[in-house]
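What TrEMBL annotates here:
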- C38-C79: disulfide bond (DISULFID)
Amino acid sequence: MSYFLPHLTNGWQVDQAILSEEDRVVIIRFGTDWDPTCMQMDELLYSVAEKIKNFAVVYLVDNTQVPDFNKMYELYDPCTTMFFFRNKHIMIDLGTGDNNKINWALDSKQELIDIVETVFRGARKGRGLVVSPKDYSTKYKY
């Protein structure tokens, strides 16, 4: 599904995507199109893109082609999803200890929509850190 979502192919395009959106959250999935986790996340992002188009826009960045942000955002995982609003990185407390990004594929469309909506509402109020509607600290059931 990644071929349906817009790809940003260089650092300038990523910067412009983040800078140009004034009223919507910019969701950027960093990773590769061939990675299974990214494929799962891309399918989920594509399936909700139409529902969230009024308050969010989705872009994909291949971090092997655009390595500019790997060190800056600590993109060491195969698939990473980050949120930006009005040229500001919006952090989200998911209960995992890493508030900068989501580094796994979510399972449910509604979970993703809830997270994006929470990010949008918090960012619009000027918050740089929002709390996820669901606690993912027990994501892995032992």
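Glycine residues also receive a Cβ, built from the backbone N, Cα and C atoms like all the rest.
What TrEMBL says about a protein is an automatic prediction, not a curated fact.
If you take the C-beta of C79 (disulfide bond) and look for same-chain residues 6 or more apart in sequence within under 8 angstroms, you find R29, F30, G31, D35, T37, C38, M41, N103, W104, A105. Within 10 Å of the C-beta of C38 (disulfide bond) we count 23 further C-beta atoms, all protein chains included.
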